[in-house]
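Remarks on the structure that follows.
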Amino acid sequence: MSLMQIQLFRALSWLTQQQHTSFNGLKRRFITNNASTFHSSKRTTQTQIEKSQSKLPSKSGDSDIKEWNVAISSYMRTGRCSEALRVFKRMPRWSSVSYNAMISGYLRNGYVRNRNLGIARELFERMPERDVCSWNTMLSGYAQNGCVDDARRIFDRMPEKNEVSWNALLSAYVQNNKLEEACALFGSRENWALVSWNCLLGGFVKKKKIVEARQFFDSMKVRDVVSWNTIITGYAQNGKIDEARQLFDESPVQDVFTWTAMVSGYIQNRMVEEARELFDNMPERNEVSWNAMLAGYVQGERMEMAKELFDVMPCRNVSTWNTMITGFSQCGKISEAKNLFDKMPMRDPVSWAAMISGYSQSGHSYEALRLFVQMEREGGRLNRSSFSSALSTCADVVALELGKQLHGRLVKGGYETGCFVGNALLLMYCKCGSIEEANDLFKEMNGKDIVSWNTLIAGYSRHGFGEEALRFFESMKREGLKPDDATLVAVLSACSHTGLVDKGRQYFYTMTQDYGVTPNSQHYACMVDLLGRAGLLDEAHNLMKKMPFEPDAAIWGTLLGASRVHGNTDLAETAADKIFAMEPENSGMYVLLSNIYASSGRWGDVGKLRVKMRDKGVKKVPGYSWIEIQNKTHTFSVADEFHPEKDKIYAFLEDLELRIKKAGYVSKTSVVLHDVEEEEKERMVRYHSERLAVAYGIMHVPSGRPIRVIKNLRVCEDCHNAIKYMAKITGRLIILRDNNRFHHFKDGSCSCGDYW
């Protein structure tokens, strides 16, 4: 772990300390911030309310109720329904304006969305006299919030209807995708206003019924610019760009929206040059026009052209900046994206999400989390995309505590654990070593998709619970979901990690027939791994020869690893030669081959390999392990001398070593890649980074809680054996994540079954 990474974890520690595990501090800050914003945004209106109240008639018999109605409307505009109701109850009498103000206020303030119609409906039913405005208020309230059936019932009861009534119901049908009902309503009368014709035309376009839309358009006796813009957009969005252009040229009225619709159509159909030609000829441009053209260049990854356009734009909004940041990030130009982000005059949640996502997707996980910390410190607000990116980054760097804090924020923010955020949470728990919490979350998720199932199956596989992974696979099929290529990778991996050779063969050789999935390089890599782990090296090598494509370095690396486990030096050298030809700077493969030479006592070849690495400038990646305790991350290297509690750790580890030896542990010194005495070899493996981290965890993690350790490289065989004994004599659950998989050590055994 670099100094930068350690500094980041300190920042993360600050964040989790601020939020604390109970989320109480976070909740207080969240409420305070929102309350502050709420009251700040309404000070002016509050003053108006107070002035209105001061004008209220002091006597209950006053006949002038205008001031009362003004006060009601003022309260309702600020969402203070209870105050409005108190004023209403104090009034000496009520007019239809009073009732309408109350009803529209309740509807506007979310009562329909919450299905709490009692007050609004009761007031409506109590009205001694209802005019068409009263009926339309109730109708529009239902319609605008998706209660189409209720809106229809109100409509049918109306003693008198006007154009507003008819159009409100028509719009409700169109907006809620009830096109058949909309057409039936439209056909029930004549003399519709043009706005209604345009509404139904938009409904056809929205449902992608472009043929019906054109027939309806052609039947219109009167058309305005909205009509033309709607039909042009419909053709453009459905890939019929030539027909859209013909209509554009025929249009007798063209405004900036007509031109922009056509430019957007070209952009959506990846015709950037045609879009630019039209854009340059526009008599007038607005923000939408500029942003559409900019998006075209960004989508085509033509960032130089996008930057040129961005620099000359006379009107930029926050969306403009966000588009550029996203474009640079997707092209791997993360520094240019950050430069723009720093210069933004104003940021919104999308800005933060775009930048965090850019860092995360380009592999800059630590920068992503640092930016997340900065956003929190500056009071930035998270949206679903921010949550998803931050959770994915937590998964990458195994920041479980921060991931849990984010989960708490999600719950308190009222976000549902649907697929978009739920899958990110699921991946976070799986990658952070908490498979039980992943399973609990999976059970609660709404609308699980194929990604949800794949994530959980792969999670159980990586944690060494292959049988459970396969049971979930069978459950997924029973639910009616069709496995895809990622599902089969997870399934074959589960078979590989658990040694289920026959099942693995069956799944692999029937995947095309049973599921329509053609094996790709990942599936072949899983099979080579499965056969190699089982010692079937010749079968694995023959499978590679029969592949419909050339094996890549990853597949040869899998064979090399299997050759090391089973001591096949000749095959290991063959695999290594292939890898070095493809990836001459792959330090991991040099180390693996050196391991094989050392295990065979070929110290001369070990020396030659080191010289070769030095001549080629290949440097071995140093091993680190880390553990998070009480919101602080502790990092260890081999024979670490920098931790402030090193003396206590080494003393504890010495005692632990004696205890596990009494329990049966025998040091496996063959893992040492140095030609030194046996006693020196034992000392060298005793202070590996993972042992120091585990020892520190046993010292400080409260009894009953899992000890979670992460290592950036593969755990060595001797440490794996030692940690099994540590778990046994201390009665602790120790979860170790290395760069290959998870190991759950408990009662002297590991979830991998020593098959890793």
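For all residues, glycine too, the Cβ spot is worked out from N, Cα and C.
Database features, via TrEMBL:
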REGION    37-63  region 'Disordered'
COMPBIAS  37-57  compositional bias 'Polar residues'
REPEAT    64-98  repeat 'PPR'
REPEAT    131-165  repeat 'PPR'
REPEAT    224-254  repeat 'PPR'
REPEAT    255-289  repeat 'PPR'
REPEAT    317-347  repeat 'PPR'
REPEAT    348-382  repeat 'PPR'
REPEAT    449-483  repeat 'PPR'
DOMAIN    664-756  domain 'DYW'
Chain residues outside the repeat 'PPR' (317-347) and at least six past its termini with a C-beta under 8 angstroms from it: 287, 290-291, 294-295, 297-298, 301, 303, 306-307, 310, 354-355, 357-359, 361-362, 364, 367, 380
Arithmetic mean of per-residue pLDDT over the repeat 'PPR' (255-289): 91
Secondary structure composition of the repeat 'PPR' (255-289) [DSSP: H/G/I, E/B, coil]: 25 helix, 0 strand, 10 coil
The repeat 'PPR' (131-165): DSSP-derived helix, strand, coil residue counts: 26 helix, 0 strand, 9 coil
